[in-house]
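Residues annotated as signal peptide in Swiss-Prot, with sequence analysis given as evidence: 1-21. Marked as disulfide bond by Swiss-Prot on the basis of similarity to another entry: C26-C38, C32-C43. As annotated by Swiss-Prot, leucine amide applies to L48, with the evidence given as similarity to another entry.
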Amino acid sequence: MKTLLVFLLLAILVAVLIGNIQVEACKDLTECDTFDICVKGRCYPSTLG
């Protein structure tokens, strides 16, 4: 019973973390900082800055 409870808690934690990562993903250049670029949902520093 304890093992099942721990497994469920871990599954919920992983789901929350995945949800947070998806929320933070950028969709276009305006969501990143001035000198950053959006590539595949993440902001990376550009070489121009």
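Every residue, even glycine, has its Cβ placed from backbone N, Cα and C.
Structural mapping of features recorded in Swiss-Prot.
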residue: C26; record: disulfide bond; Cβ within 10 Å: 17
residue: C32; record: disulfide bond; Cβ within 10 Å: 17
residue: C38; record: disulfide bond; Cβ within 10 Å: 16
residue: C43; record: disulfide bond; Cβ within 10 Å: 16
Pairwise CA distance, C32 (disulfide bond) versus C38 (disulfide bond), rounded so that it is a whole Å: 7
Rounded Cα separation (Å) that holds between C26 (disulfide bond) and C43 (disulfide bond): 7
